[in-house]
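**Student:** Per TrEMBL, active site, proton acceptor is recorded for A:H127. Under the heading Ca(2+) binding site, TrEMBL lists A:D120, A:E193, A:E195, A:D227. Under the heading substrate binding site, TrEMBL lists A:Y122, A:R136, A:Q234, A:T344. Among the features that TrEMBL reports, Mg(2+) binding site is placed at A:D227, A:K247, A:T251. Here TrEMBL flags A:18-112 as domain 'Fumarylacetoacetase N-terminal'. Positions annotated as domain 'Fumarylacetoacetase-like C-terminal' by TrEMBL: A:119-406.
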Number of protein chains: 2
Amino acid sequence: MSEQTPLDLPEGDPFGPHNLPYGVFTPAGSAERRVGVRLGAAVLDAGAAAAALGSPYVSLLARPSLGPLLAAGRTAWRDVRRALTAWVTVPAHREVLEPLFFPLSAVTLHLPFEVADYVDFYSSEHHARHLGKIFRPDGEPLTPNWKHLPIGYHGRAGTVVVSGTDVVRPRGQRKAPSDPAPVFGPSARLDIETEVAFVVGVPSALGTPVPLSAFRDHVFGLCLLNDWSARDIQGWENVPLGPFLGKSFATSLSAWVTPLEALDAARVRPPERSHDLLPYLDDTAGDAADEPAGYDLRLSVEVNGHPVAEPPFSTMYWTAAQQLAHMTVGGASLRTGDLYASGTVSGPERHQYGSLIELTWNGRDPLDLPGGRRTFLEDGDEVVLTGWAPGPDGTRVGLGEVRGRIAPAIVPAV
Amino acid sequence: MSEQTPLDLPEGDPFGPHNLPYGVFTPAGSAERRVGVRLGAAVLDAGAAAAALGSPYVSLLARPSLGPLLAAGRTAWRDVRRALTAWVTVPAHREVLEPLFFPLSAVTLHLPFEVADYVDFYSSEHHARHLGKIFRPDGEPLTPNWKHLPIGYHGRAGTVVVSGTDVVRPRGQRKAPSDPAPVFGPSARLDIETEVAFVVGVPSALGTPVPLSAFRDHVFGLCLLNDWSARDIQGWENVPLGPFLGKSFATSLSAWVTPLEALDAARVRPPERSHDLLPYLDDTAGDAADEPAGYDLRLSVEVNGHPVAEPPFSTMYWTAAQQLAHMTVGGASLRTGDLYASGTVSGPERHQYGSLIELTWNGRDPLDLPGGRRTFLEDGDEVVLTGWAPGPDGTRVGLGEVRGRIAPAIVPAV
């Protein structure tokens, strides 16, 4: 009997062999980035494993980034995943693999790929209605276009940071309606946005739309994402061209990319559509209806260790396949590493709201947390997003967490 | 007497030795990208020149991209420019250099660097007022924030294309107020936006604002840019999160980056500020007032060879230094290759408007061009942006052109 190793996970571990998310890590004492595959609370040096086992996938796995694997395409994704599954489940490989595992506590995790373009959508009907009611209490909560297309905008790719990175409170201009002129200072309304982000692997050519049916040929996997938002900065700058500095200071991404293949058991139909959709977005007929692109992901939000919400991703009105079809229908090309996020995930019930602006109804109803009352985030607060999805045979597929602590605003020496 | 060579430019050529913009090219028959420096109608293989002359700058110039030079910083930018100036002006180097020139007609020009993040501002007061008057004829043309901060948003970096690339007319959703539901099809209101884009060389750290005074430590140079816009697609999608598919299908960039050092004689104070500015944007006092960051660039727009406008960049309300200070004041970091554009450049007079929506007043007053009447662009139309700036001693500094032809919308085979 060998002693307990990462290959002896207890039954039902959400990061068992049915999951196998990918990341990039450096072991303690090393500067070399390596592709890792998570198993339980350990990470397998996937490139070293491929080399040790004489696998042809060493060219995709013995790399400092997931980029080459992302670009390799759906057949390669499937074949590499099959190989990894065999490696961690066939007892004959134990002796070779065991030395290639590192405890998560002994590695540094990095952004797993270089983010090309970052797009953020606004695809939860509940979230959009809540914000509409807060900001336009006497008007129609949804804008007229909302049910016809997935509203989205480009964010700043260069400030996507890996989970665990401190988030410095941004400074900026804000102006309350009662202020005679804008004031400058640290944001007083720093918020979270609980989101799910999709990772593009296979590029597309400029001028060529990607139809709904090609979603899984281009998208490799998904991650949890926290799109930190400074509501006061955003409120003042937002009209006429949308969010800019209110969102650009940091976006936190999980260190682990869950392949879509691990989530097949979690696929669900999106909510009933209340409006007819144009053909390029219509997922109620044909292939798109047979291959639903909703995902039943159960998300959780904790602030300072206290659970504050459980947003259900299955309630999202627009799917990731529709978002991709929309993003490219005008001819915009995709690149390996493009990242697009769902927008805040919120369900209909108050304990399902994915942002503090909803949970506190714009500060009117503070949250009483054990560490103190909160409307928006205070310096030192730590936010953790977690999630899981139904896996095969009653298992759970764990999603890599997104963790971030608020550091005080920096006042530059001038 | 040697025969006429690129080193024997006529006096007063706007691409003379006082200019020396950088690009990336491949000679006919080669696949190897090389850094080039333009002189007249020829391009010098700068890496080969550095190698032949034993220059230490071979490590920055014998590269397939401008990236390493951009990242090298202001002292290196100055030293490399001094070296290049000496090479093309000192007769002793003629024999070595002459074989390293290629006529522009015999090379392919590429995007000179990998665009990291792309930001588009909205910094012409005239342009913003014109659009305000067109779309809100009964309201205040400028939004309340306009005079307090440079409005901007992130665009799609992956669809920035080099001058000369055809632009495929985008398809998408649009909805006129009289339409009962959105319709889908090729944009019927395809427009140009005449802009100037600034190229970031030196990165900055996350959480650390870049003050006005550090503008020239980070920004290497500028380019002309055409931010093609589908007004009908943009009009339907724009509220509440700003432009997305109306702009993401293509953005054309000049193949030539003009170093800011070549434009010292063109520096001008921006227009008088009508509102007090917060300190981080205040360029009316201190170093910022002594180092004006406005540029007297004279732009020209041609459609099918017919001049339609001459937008004056000196009229821009917000400078590139203010845009950079604003973009980073919340802590957003910069990367080498970040590109940020001015927004449409328009002057107060009708012949100075930088977009067709202004020139035709949203289609009400068509332009009569020799090839036919135009409101917006038709398939086959070719748009060319050119420009120049006052150089030293009465010279002109030519800016690299931006050329693009409209190709018909692609109807995908489904």
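Even glycines carry a Cβ here, placed using N, Cα and C.
Whatever TrEMBL says is automated annotation, not expert-curated.
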**Student:** Among the recorded positions A:Y122, A:H127, A:E193, A:Q234, A:T251, A:T344, which ones place their CB within a distance below 8 Å of a chain B CB?
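**Tutor:** The answer, in sequence order, is A:Y122.
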**Student:** Other residues with Cβ within 8 Å of the Cβ centroid of A:D120, A:E193, A:E195, A:D227 at the Ca(2+) site?
**Tutor:** A:T194, A:L225, A:N226, A:S229, A:K247, A:T251, A:A341, A:S342, A:G343, A:T344
**Student:** Take the C-alpha atoms of A:T251 (Mg(2+) binding site) and A:D227 (Ca(2+) binding site) and report the distance between them in angstrom, rounded.
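**Tutor:** Per the Cα atoms, A:T251 (Mg(2+) binding site) and A:D227 (Ca(2+) binding site) stand 5 Å apart.
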**Student:** Could you put numbers on the helix, strand and coil content of the domain 'Fumarylacetoacetase N-terminal' (A:18-112), residue by residue per DSSP?
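**Tutor:** Tallied per class, the domain 'Fumarylacetoacetase N-terminal' (A:18-112) gives 46 helix, 23 strand, 26 coil.
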**Student:** Hey, how far is A:R136 (substrate binding site) from A:D227 (Ca(2+) binding site), Cα to Cα, in Å?
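**Tutor:** Between the Cα atoms of A:R136 (substrate binding site) and A:D227 (Ca(2+) binding site), the distance comes to 23 Å.
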**Student:** Other Cβ atoms within 10 Å is the metric here; tell me which of the binding-site residues A:Q234, A:T251 scores highest.
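**Tutor:** Max Cβ neighbours within 10 Å, all protein chains included: A:T251.
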**Student:** How long is the line from the C-alpha of A:Y122 (substrate binding site) to the C-alpha of A:E195 (Ca(2+) binding site), rounded to the nearest angstrom?
**Tutor:** 10
**Student:** Reported as an integer number of Å, what is the Cα distance between A:E193 (Ca(2+) binding site) and A:Q234 (substrate binding site)?
**Tutor:** 14
**Student:** Among the binding-site residues listed here, A:E193, A:E195, whose Cβ has the fewest other Cβ atoms inside 10 Å?
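**Tutor:** Taking A:E193, A:E195 as the binding-site residues, the minimal 10 Å Cβ count falls on A:E193.
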**Student:** Quick one: which residues besides A:D227, A:K247, A:T251 have a Cβ within 8 Å of the Mg(2+) site's Cβ centroid, in sequence order?
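**Tutor:** Output for this site, in sequence order: A:D120, A:G155, A:R156, A:E193, A:L225, A:N226, A:W228, A:S229, A:S248, A:A250, A:A341.
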**Student:** In Å, rounded, how far does the Cα of A:D120 (Ca(2+) binding site) sit from the Cα of the residue listed as 'active site, proton acceptor'?
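**Tutor:** Answer for this pair: 14 Å between alpha carbons.
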**Student:** Cα within 10 Å of A:Q234 (substrate binding site): which of the recorded positions A:H127, A:D227, A:K247 qualify?
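**Tutor:** Final answer, ordered: A:K247.
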**Student:** Specify the nearest of the recorded positions A:H127, A:E195, A:D227, A:T344 to A:K247 (Mg(2+) binding site), where nearness means the distance between Cα atoms.
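**Tutor:** The answer is A:D227.
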**Student:** Looking only at the domain 'Fumarylacetoacetase N-terminal' (A:18-112), what is the model's average confidence as pLDDT?
**Tutor:** 97
**Student:** According to DSSP, folded down to helix, strand and coil, what is A:E193 (Ca(2+) binding site)?
**Tutor:** coil
**Student:** Is A:Y122 (substrate binding site) helix, strand or coil when read with DSSP?
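**Tutor:** It is coil.
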